[in-house]
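Undergrad: One structure is given below, represented as C-alpha cells, and several questions about it will come after.
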Amino acid sequence: MSHNSIHWFRKGLRLHDNPALIAALKDCRHIYPLFLLDPWYSNNTCIGINRRRFLIEALRDLDSSLKKLNSRLFVVSGPPTEVLPKLFEEWKITRLTFEVDTEPYSQSRDEEVMKLAKEYDVEVIPKISHTLYNIDRIIEENKGKPPMTYVSFQNVLKDIGPPKKPVPAPTKEDMKGVSTPFSEDHEEEFGIPTLEDLGLDTSSLGPDLFPGGEQEALRRLDEHMQRAAWVCKFEKPQTSPNSIIPSTTVLSPYIRFGCLSARTFWWRLTDVYRGKKHSEPPVSLHGQLLWREFFYTTAYGIPNFNRMEGNPHCVQVDWDNNPEYLAAWKEARTGFPFIDAIMTQLRQEGWIHHLGRHAVACFLTRGDLWISWEEGQKVFEELLLDADWSLNAGNWQWLSASAFFQQYFRVYSPIAFGKKTDKYGDYIKKYLPMLNKFPAEYIYEPWKAPRSIQERAGCIVGKDYPRPIVDHEVVHKKNIQRMKAAYAKRSPQDKDGKTITKGVKRKVTSILDMFEKKAKR
C-alpha cells in the first residue's frame with residue numbers, strides 16, 4: 001500500500017537522525033512535511049522575541065534542506081486538534097509520523113491527536129529521537145520510579161548500554177517515487193511567517209549570535225569536534241561564567257529545538273574520545289548530555305514537576321511575594337553589577353553560561369531576594385533560547401535547594417563569585433557600559449567608590465546606576481535560617497528523598513503505551 005504521509009515537525013527541526021521522518025517515507029507516494037504554528041508559538045507572551053527568531057530561522061533552514069530533496073515545509077497556523085483533521089481530509093492522509101515528546105502538554109496534545117487520527121483511519125508512527133534513551137525504559141529499569149540522583153541514574157544506564165546510533169538524513173534516493181504536492185503559490189498559503197507577520201516589534205531584538213537551523217548546528221558541532229584536545233579536557237565547572245566569548249559549546253539551543261540530535265552529538269563525542277584520555281561524566285560533554293537526560297527522566301516521572309505545590313520531591317518554602325524585587329532582578333536593576341550584567345546578557349542575547357544561571361538563580365531565591373523559583377523559571381522560559389521545560393524546572397529546583405541539591409548553606413556571592421574568573425570586570429563593562437570607567441577595585445561594588453571616583457567615572461550610584469536592593473551579608477544569613485526551618489518541616493521520608501514513589505510500579509499510562517507497542521524500544 002502506498003501512503004500519503006504527514007511528518008509533523010515539532011522539536012526535531014532537522015533531517016539527520018529523524019527516524020519518524022524516515023518512517024513517513026516508507027511505502028510513501030506523497031509526503032507532507034508539516035509544522036504547526038499553534039497558539040503556543042504565535043500568541044504565547046511567555047516566549048521572548050529572541051526565541052521566536054531562532055525558531056523562524058530553524059524553519060527557514062529546514063525548508064531549504066527539504067527543497068534540495070524536491071520537497072517543501074508546510075507551515076499552518078492553528079491548534080493541532082483543529083488543523084490536522086482538515087489536512088487528513090484535504091490531503092487524503094493515511095499516515096502521521098512524529099517525534100515523541102515527554103512534556104505533559106505534549107503528551108496531552110498527542111493523546112488527543114491520536115484519537116482523532118484513529119477516527120480518520122490514519123496510522124500513527126511515533127519515534128524516539130529527542131532524547132538519548134527511551135525515558136519509559138529508564139524508569140522501568142529503576143523499578144518503576146525515576147532515579148533521583150545522577151549516580152543512580154548512571155547505574156541504570158550501565159544496564160541499558162549506550163544510546164542508539166543516529167539514523168542518516170534522507171537522500172534523493174530515499175525520495176525516489178515520493179513527491180510533495182506543492183503549488184506555485186506555496187509561499188502564500190504555507191510559507192514561513194516573519195516576526196512582523198506574528199505581530200512582533202523587532203526593534204528590541206539583540207544581536208543574532210546563535211542563528212537557528214540544522215546547518216548552523218552541524219557547522220558548530222564540526223567546529224567544536226575539530227578541537228579534540230579541548231573536547232577531551234572539557235570540565236563544565238572549570239569553564240567561565242563571565243568570559244566575553246562563551247567558554248562552552250552553546251549547542252544547547254540547537255539541541256533544545258532539535259536542530260541538532262543529542263544522539264548525533266553523543267556519538268561524535270565518542271569518536272573524538274576514542275583512544276584518548278578524556279574527562280568523564282558528570283563534568284564532561286557526555287556528562288552534560290546525561291544531565292539533560294536525567295532531568296527529562298525526573299520531569300517525566302514526577303507529578304507537577306514545574307511547581308512547588310503538589311510536587312512530592314520539592315521542599316515547600318514560604319517564599320515572599322515581592323513584585324519590586326522580582327522586576328529589579330528581571331530588568332537588571334539589583335545594584336549588583338555581576339548579577340545585572342548576566343541578566344542583561346540574557347535579555348540581549350538569549351543565552352548565559354551555566355554558572356551565570358547558577359548565580360542569578362541563587363540570588364533570586366534562597367541567596368538574597370527570597371522569591372520563588374517558579375518566578376525565575378518563567379523569566380528563563382521567556383528569555384533563554386535553550387529554555388526547555390524539563391531542564392528549566394529541574395535546574396531551578398536545584399539552585400533554590402528545593403530538590404536534588406540540599407546544601408542550602410552554600411550561597412553564591414553576587415560579588416566574590418564573578419571576581420574568580422574576571423578580576424577586572426571586563427564582562428560587567430561590556431554589558432553595563434555605564435560602569436566601564438570604574439576602576440577594577442570598585443567594579444563589583446560601585447556603591448563603595450568615593451564620590452570623586454564616581455564623578456570621574458561619569459556614573460553616580462543611586463542616580464545613574466542603582467544602589468544594591470539588599471545587603472547581601474545580612475540577608476543571605478537570614479535566608480539560610482529560613483531554609484533550615486523549611487527543611488525541618490519535612491517528614492523523615494522527605495529528608496531521605498524517598499516519598500516520591502515508594503518503589504511501586506507507576507500506574508500512569510506512559511506516552512509510549514499510547515502508541516503502537518512496536519514503537520516502544
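Backbone N, Cα and C define each Cβ position, glycine as well.
Predicted automatically and left uncurated, TrEMBL annotations should be read as such.
Model, not experiment: these values are computed from the prediction.
Just lifted these from TrEMBL, have a look:
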BINDING   248-252, 288-295, 386-388  FAD binding site
DOMAIN    3-132  domain 'Photolyase/cryptochrome alpha/beta'
REGION    161-184  region 'Disordered'
SITE      Trp319  site 'Electron transfer via tryptophanyl radical'
SITE      Trp373  site 'Electron transfer via tryptophanyl radical'
SITE      Trp396  site 'Electron transfer via tryptophanyl radical'
Undergrad: If we check Cα distances from Trp396 (site 'Electron transfer via tryptophanyl radical'), which of the binding-site residues Thr248, Ser252, Glu293, Ala387 wins as closest?
TA: Ala387
Undergrad: Quiz question: given the recorded positions Phe295, Trp319, which has the greatest number of C-beta atoms lying within 10 angstroms of its own C-beta?
TA: Phe295
Undergrad: If I take the alpha carbons of Val250 (FAD binding site) and Trp373 (site 'Electron transfer via tryptophanyl radical'), what is the distance between them in whole Å?
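TA: Each residue's Cα considered, Val250 (FAD binding site) and Trp373 (site 'Electron transfer via tryptophanyl radical') end up 24 Å apart.
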Undergrad: By a 10 A CB contact count over all chains shown, which of the recorded positions listed here is most packed: Trp291, Trp373, Trp396?
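TA: Per the Cβ count within 10 Å, the most buried is Trp373.
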Undergrad: Relative to the Cβ position of Val250 (FAD binding site), how many further Cβ atoms are located within 10 Å?
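TA: Total other Cβ atoms inside 10 Å, all chains included: 18.
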Undergrad: Taking 10 A as the limit, how many CB atoms besides its own sit near the CB of Glu293 (FAD binding site)?
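TA: Excluding its own Cβ, the number within 10 Å is 21.
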Undergrad: Which number gives the other C-beta atoms within 10 angstroms of the C-beta of Ser252 (FAD binding site), all protein chains shown included?
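TA: For Ser252 (FAD binding site), the count of other Cβ atoms within 10 Å is 21.
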Undergrad: Determine the Cβ neighbour count for Thr248 (FAD binding site): the number of other Cβ atoms within 10 Å of its Cβ.
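TA: Other Cβ atoms within 10 Å of Thr248 (FAD binding site): 19.
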Undergrad: Are there any residues at least 6 positions away along the chain from Ala387 (FAD binding site) with a Cβ closer than 8 Å to its Cβ? List them or say none.
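TA: Same-chain residues close to Ala387 (FAD binding site) (Cβ under 8 Å, separated by 6 or more) are Arg51, Arg256, Phe380, Glu381.
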Undergrad: Give me the Cα-Cα distance between Trp291 (FAD binding site) and Trp373 (site 'Electron transfer via tryptophanyl radical'), rounded to a whole Å.
TA: 20
Undergrad: Could you tell me the C-alpha distance between Thr248 (FAD binding site) and Trp373 (site 'Electron transfer via tryptophanyl radical') in angstrom, no decimals?
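TA: Spelling it out, the Cα of Thr248 (FAD binding site) and the Cα of Trp373 (site 'Electron transfer via tryptophanyl radical') are 25 Å apart.
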Undergrad: How big is the gap, in Å, between the Cα of Leu289 (FAD binding site) and that of Trp373 (site 'Electron transfer via tryptophanyl radical'), rounded to a whole number?
TA: 24
